[in-house]
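Heads up: the structure comes next, in C-alpha cells.
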C-alpha cells in the first residue's frame, strides 16, 4: 500500500545502570555494531525522512560514535518517562507525516515487521506492536473491549484482573504527526511512577473514536530489550543463530553453526566451507570453494576462488586472488594483496605488500611496504626493514628472485629479476638482475675452544 511520509523517533536517553558500564547502554555492541546503530539502520532502510534521536546520558559519546548525517539530536535533560521523551521531539514533527517510535536498546527489530506495522496503521489511528507472553509480569497490558484496543495499563498501575492479561505492549507504535503532538500535550504524570507515559495516548485516541490496530512481530526476539549484559549476550546468540541458519540454507557449510560469528555482511560463492570459531567482520567476500580453518578472523577482505585459509589466521583489509593458501598463524594486515597461487605460511605478517603469482613466503617473515614479483621464494626469517624511525620506505623485488633465509632488506631497495640473495644477507643497496648478493662475514673456526664455566 502507499504510505505517508514518515519520520522515526529513537529513544536512547537511558543511562543503563544495570550494564555497570561507563558507556551509554545503547552503544554496547551486538554483532560488532552498537545496538542503537541497528535501529538507525532499520529506520533508514524503511525510508525515514528524518531520524530524531532522543539522548540524555553520555551524549558526547553517542555523538562521537554515531556519524549518521540523517540524525536529528534531541536532548532529554531529565528522564521523566517515554511520553516526556517524545514531547522533546514533538516540535520537529510535521503534521502530515507519520511518526514511528522505536527504542535504541531493542536492536533486533526487523524492517519487515516495521513495514507491516506501517501498512496496518489506520487513517487517523494508531498502529501498535504487541506480543502475547506466558508470563507478562512487569509489562504494560493491552486492554480491549469487544476485541478493540482501548488502552495500555502499566503493570504497577494495573488491577489484579488486568494483570491476568497476556497481551503486552512492546512500546513500538506509529501515528500521524499532528495527532501525536495533540495527544502528547495532554499527557499527565498522575501514576505510580510519576512519569509521562507514551502509552496513555492509546486511551486518548480511543476516547476520540480513533482506531488502534495491533500487529505482532514475526519473532519475539525482535522486541526484546536489553537492560543488562546477560540479556545482550542472549540476543547476540539469537542473532548469530539466525545468520548461521541463513548461510547454511544458502549453501555455506558451517561446521558448527553455534561457533560462528558474523559481525557484518558476507557475500559468498558455492561450496564454501567454514570451520569452528571463525569470525567474519565488516564486508567480506568469499569466492567459490573457499575453505577457512578454525579460529580465523576475516575482516573487510576479498578472498578469491579456491583459496584456503588455515587455522588461526587473521586477514584484514586484504585482497586474495584465486588459489592462494594462507597460514596457519599468518597475519595479513591492511593493504596486503596476493595474486593467483601465492602462498603465505605460518607466522608470516604482511602489511601494504603485494605478492605476485606463485610467490611463496613460507614462514617466520615480515613483509611491509613491499612489491614482490611472480615466482619469488622468500626464505624463513626474511624481514623488509621499512621504517627508519620516522618514515616508511618501499622494497621492490622482481620476478623469479630467490631470497635466502634470515635476509634483511633495508628499504628503499630494489632486487632485480632473477637475482639470488644468500642466506644471512643484509641488503642495503640495489641488486642487479640475475646477480648474487651476499654480505656474510667470513666464517672462522677456533679449535679446542672452551665455553665459559660458571663460578661456584
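Please read every residue number as a count from 1 along the shown chain.
Backbone N, Cα and C atoms are what each Cβ position is placed from, and that goes for glycine too.
440 is the residue from 429, 440 that Swiss-Prot records in the acetyl-CoA site together with 380, 386, 387, 405, 423. Taking only the Cα positions, the spacing between residue 104 (UDP-N-acetyl-alpha-D-glucosamine binding site) and residue 227 (Mg(2+) binding site) is 11 angstrom. Proximity of residue 105 (Mg(2+) binding site) to non-local residues of its own chain (separation of 6 or more, Cβ distance below 8 Å) is seen for 12, 14, 16, 25, 26, 35, 36, 225, 226, 227, given in sequence order. Here the binding-site residues are 11, 380, 423, and the one with the most other Cβ atoms within 10 Å of its Cβ is 11. For the pair residue 386 (acetyl-CoA binding site) and residue 11 (UDP-N-acetyl-alpha-D-glucosamine binding site), the Cα-Cα distance reads 50 Å. Residue 154 (UDP-N-acetyl-alpha-D-glucosamine binding site): 19 other CB atoms within 10 A of its CB, across all protein chains. Ranking the binding-site residues 227, 377, 386, 405 by how many Cβ atoms sit within 10 Å of each one's Cβ puts 386 at the top. Taking every pair among 380, 386, 387, 405, 423, 440, the residues listed as contacting acetyl-CoA, the largest Cα to Cα separation comes to 23 Å.
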